[in-house]
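Chemist: Encoded as structure tokens, here's the structure I'll be asking about.
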Amino acid sequence: MTTGSVLPLLLLGLSGALRAHREDLTVREACKAGFSEEGYTALISPNVLEGEKLLKVEFSSCVGTKGMQYETNSLDFKVGADGTVFATRELKIPSEQVAFTVTARERQSAEQWAAMVRLLVAQTSSAHSEHKKGQTVALDPSQPPNDTLLPWPQHQSSGGLRRQKRDWVIPPINVPENSRGPFPQQLVRIRSDKDNDIPIRYSITGVGADQPPMEVFNIDSMSGRMYVTRPMDREERASYHLRAHAVDMNGNKVENPIDLYIYVIDMNDNRPEFINQVYNGSVDEGSKPGTYVMTVTANDADDSTTANGMVRYRIVTQTPQSPSQNMFTINSETGDIVTVAAGLDREKVQQYTVIVQATDMEGNLNYGLSNTATAIITVTDVNDNPPEFTTSTFAGEVPENRIETVVANLTVMDRDQPHSPNWNAVYRIISGDPSGHFSVRTDPVTNEGMVTVVKAVDYELNRAFMLTVMVSNQAPLASGIQMSFQSTAGVTISVTDVNEAPYFPSNHKLIRLEEGVPAGTALTTFSAVDPDRFMQQAVRYSKLSDPANWLHINTSNGQITTAAILDRESLYTKNNVYEATFLAADNGIPPASGTGTLQIYLIDINDNAPQLLPKEAQICERPGLNAINITAADADMDPNIGPYVFELPFIPTTVRKNWTITRLNGDYAQLSLRILYLEAGVYDVPIIVTDSGNPPLSNTSVIKVKVCPCDENGDCTTVGAVAAAGLGTGAIVAILICIVILLIMVLLFVVWMKRREKERHTKQLLIDPEDDVRDNILKYDEEGGGEEDQDYDLSQLQQPEAMEHVLSKTPGVRRVDERPVGAEPQYPVRPVVPHPGDIGDFINEGLRAADNDPTAPPYDSLLVFDYEGSGSTAGSVSSLNSSSSGDQDYDYLNDWGPRFKKLADMYGGGEED
């Protein structure tokens with residue numbers, strides 16, 4: 001066959017294939033796949049056997065049912081390849097119905113369809129059962145599809161009594177969530193058997209009808225068909241409880257209300273949600289397989305009793321995939337993550353990131369919904385790496401006598417987690433330091449070992465130390481881990497020589513000797529030792545502290561001699577011990593010195609005579625009423641003190657004549673009068689006191705005795721107690737003089753204050769506050785309210801320049817702005833008021849002076865104010881020149897009389913009287 005004949009055949013075959021493909025596409029576009037019904041209902045027995053066929057669902061597919069797969073959301077039921085629904089196990093159904101969803105899935109396109117299956121439990125009597133078990137419910141042909149009829153419970157009357165027959169058990173109504181409608185979608189139809197006789201109106205009440213959420217369900221009042229008006233959401237509300245009512249057209253109740261239970265059938269519309277998006281856990285390195293790490297949890301809002309809410313877990317990825325890509329596994333049901341492989345090593349991988357997936361539908365990845373979370377697993381450190389020294393030997397150097405000095409740093413390496421007990425190093429000297437001169441402390445930052453001198457070393461004894469140090473961790477090593485040979489190192493420490501100070505071997509040195517040894521007496525040799533035996537240095541001595549300057553030291557050999565007499569009773573002696581400090585210095589470079597203390601215990605000798613106590617006393621002038629107790633004080637110590645001997649001297653003879661001493665004990669005696677009466681006064685009584693030293697010392701002391709008259713109780717009745725108290729006559733006189741001076745000063749101050757007060761009152765009476773124009777605003781009388789005198793001659797105000805001089809006329813109308821040209825009247829000089837406080841006399845005197853003043857206007861005289869007119873000599877005010885007060889002459893104020901004396905004094909410079 002040629003090529004020309006084959007080509008037309010190929011084109012013809014291709015054309016036919018294209019035509020067949022177009023026809024197949026046309027058929028598919030005209031075909032609509034899906035279940036024959038949106039819901040199936042069947043009656044079943046309460047007891048269902050395993051494998052029992054319950055009903056059959058029909059599915060129409062445009063490509064045939066060969067590639068279809070059926071599933072249910074219930075583990076109790078399965079669907080065969082032909083659509084037959086059967087039980088997977090023996091069931092005892094306690095409720096009135098069972099509802100579940102059947103899903104048809106196309107394997108190639110993964111497209112799926114769902115239908116609701118309701119299995120009603122047959123619990124009614126045979127008289128009311130119109131269906132056979134195992135068959136799909138046959139509906140009334142007059143009813144629309146899915147018009148499930150729920151008859152009202154019937155009643156029967158007998159003999160006038162109304163008996164209710166056994167009611168229908170109204171099965172729950174199941175509504176799948178997320179239905180696409182169309183809405184309203186019919187659920188069931190309810191009817192009463194009385195609707196054949198009378199018209200009946202139906203209604204429903206309850207949550208979802210007339211209670212929020214409102215109008216989720218409604219009912220056709222005439223036909224009784226109940227509808228759902230919108231898609232349901234089981235996660236929002238899983239069930240509804242309604243009540244159905246039947247009334248006639250007048251609203252009268254025809255039937256008792258019945259309960260309707262509506263259950264929302266769950267659909268797989270919610271993904272599992274993890275409680276946390278990131279989980280943190282930890283596991284020890286080196287853990288064995290099966291070690292628990294952490295638990296992740298995801299919740300699904302769908303029904304947990306169905307596959308929609310059954311969540312399963314799995315690990316999606318692990319990062320890093322070292323040493324194995326599957327180091328962990330997860331329990332699919334509980335979410336527990338455990339190790340599945342060995343080899344966890346923190347020093348290699350410190351952290352793993354694991355992506356965990358949660359899938360519902362029991363983990364079916366084809367049908368279930370999934371979600372993911374992150375699990376961060378930290379590998380925690382264990383002490384599986386012993387610390388190791390970076391080198392096997394270390395060296396250091398330290399001067400002798402130096403402490404708390406770091407002489408060497410020991411470095412270690414530890415691969416465990418820094419700054420943890422598994423990393424922190426602990427150092428221990430295991431040999432080479434029997435005397436404990438060194439310790440090794442750990443630097444908390446670098447983890448180094450610091451070899452520190454804690455006890456001074458001596459170059460003359462040890463010139464070097466060879467230490468062996470071992471290092472470990474604060475935490476013990478993990479099981480099976482052994483210490484490394486590199487955990488031990490040697491440390492060589494060299495000691496360098498320094499110039500050490502001389503020291504006194506016996507420091508403090510104590511010697512005992514009697515006080516009073518003469519100057520120049522050798523006491524002891526206080527020598528020092530130079531520890532630098534190999535330097536052959538000379539030591540010189542000197543005094544550092546000698547408070548009383550009693551001692552001398554030989555600068556070469558340290559011999560100490562006395563430079564003065566040692567006195568135990570001196571203020572420089574404390575508790576019989578005199579203390580001095582000496583200095584020993586070598587001639588090294590640089591020089592070094594040491595100090596030593598010498599303590600001299602002074603043994604007491606009887607070198608102090610006793611002193612009589614008290615120095616003053618008083619006694620009654622007649623004997624027998626009282627006596628004076630006397631004793632003695634001695635600066636020495638026992639046995640150079642008491643018992644004391646008290647006696648009166650023979651000279652003067654009056655002492656033994658007037659006084660007598662009675663011994664009480666070794667320390668006390670009584671001094672009393674020997675005669676019957678001794679005149680009052682102060683007497684000096686000498687008394688000889690002798691101690692018990694060897695040899696004994698005596699002292700004659702004088703006691704001042706105040707002899708005074710006494711009352712029946714033996715107490716002095718004079719002021720002698722003052723003197724006895726320590727106040728002499730001079731002191732008393734001085735106190736009295738001070739008191740008198742103080743009283744005089746107070747009196748003078750009171751007199752001065754009285755005089756000042758009188759002067760202030762006098763000034764106030766002589767000066768009217770309104771007349772004092774200094775620094776005050778002048779107040780002039782106001783002429784308001786009209787003129788009192790209305791009968792004066794107005795012609796006096798006309799042409800005042802033509803009038804005769806007012807001074808030549810008798811007192812009447814006069815000018816008050818001119819100084820009178822006549823002779824000034826002579827006023828009587830006011831006598832000095834002997835008592836300025838007498839206000840009445842002062843006022844009367846002023847009144848008489850005013851009455852005798854010829855220039856004083858009468859009370860009812862007419863005051864004529866100037867009318868300047870054209871002939872005024874004042875001119876313009878602007879012609880006035882300002883001038884200082886120094887340019888003015890105020891002497892004329894002295895001519896105005898005593899009434900203006902204060903003003904004249906103010907402006908004329910006069911002094912106030």
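Note that Cβ sites are derived from N, Cα and C of the backbone, with glycine treated the same way.
Note that the coordinates shown come from a computational prediction; the quantities given were computed from them, not determined experimentally.
As listed in Swiss-Prot for this protein:
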type	residues	note
SIGNAL	1-20	signal peptide
CARBOHYD	N146	N-linked glycosylation site
TOPO_DOM	167-731	topological domain 'Extracellular'
DOMAIN	167-274	domain 'Cadherin 1'
DOMAIN	275-389	domain 'Cadherin 2'
CARBOHYD	N280	N-linked glycosylation site
DOMAIN	390-504	domain 'Cadherin 3'
CARBOHYD	N409	N-linked glycosylation site
DOMAIN	505-610	domain 'Cadherin 4'
CARBOHYD	N554	N-linked glycosylation site
DOMAIN	611-721	domain 'Cadherin 5'
CARBOHYD	N629	N-linked glycosylation site
CARBOHYD	N658	N-linked glycosylation site
CARBOHYD	N699	N-linked glycosylation site
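Situate these features within the shown structure.
Modeler: Within the model, the topological domain 'Extracellular' (167-731) carries an average pLDDT of 89.
Note: N280 (N-linked glycosylation site) has non-local neighbours M294, A375, I376, T378, i.e. same-chain residues 6+ apart with C-beta under 8 A of its own C-beta.
Following the DSSP three-state reduction, the secondary structure of N409 (N-linked glycosylation site) is strand. N409 (N-linked glycosylation site): 13 other CB atoms within 10 A of its CB, across all protein chains.
In three-state terms derived from DSSP, N554 (N-linked glycosylation site) belongs to neither a helical nor a strand segment and is classed as coil.
Note: N629 (N-linked glycosylation site) has non-local neighbours L664, Y668, A669, Q670, i.e. same-chain residues 6+ apart with C-beta under 8 A of its own C-beta.
DSSP assigns N658 (N-linked glycosylation site) to a helix.
Residues within less than 8 Å, Cβ to Cβ, of N699 (N-linked glycosylation site) and separated from it by at least 6 positions along the same chain comprise A609, P610, Q611, L612, I688, V689, T690. In the three-state DSSP scheme, N699 (N-linked glycosylation site) falls into the strand class.
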Chemist: In whole Å, note down how far the CA of N554 (N-linked glycosylation site) lies from the CA of N658 (N-linked glycosylation site).
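Modeler: Between the alpha carbons of N658 (N-linked glycosylation site) and N554 (N-linked glycosylation site) there are 62 Å.
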Chemist: If I take the alpha carbons of N409 (N-linked glycosylation site) and N554 (N-linked glycosylation site), what is the distance between them in whole Å?
Modeler: 49
Chemist: Across all the protein chains here, work out how many other Cβ atoms are within 10 Å of the Cβ of N554 (N-linked glycosylation site).
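Modeler: Around N554 (N-linked glycosylation site), other Cβ atoms within 10 Å: 14.
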Chemist: DSSP says what for the domain 'Cadherin 2' (275-389): how many helix, strand, coil residues?
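Modeler: Helix/strand/coil tally for the domain 'Cadherin 2' (275-389): 6 helix, 50 strand, 59 coil.
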Chemist: By DSSP, what is the split of the domain 'Cadherin 1' (167-274) into helix, strand and coil residues?
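Modeler: Going by DSSP assignments, the domain 'Cadherin 1' (167-274) contains 4 helix, 52 strand, 52 coil.
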Chemist: Going by DSSP assignments with H, G and I as helix and E and B as strand, what are the residue counts for the domain 'Cadherin 3' (390-504)?
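Modeler: Tallied per class, the domain 'Cadherin 3' (390-504) gives 3 helix, 52 strand, 60 coil.
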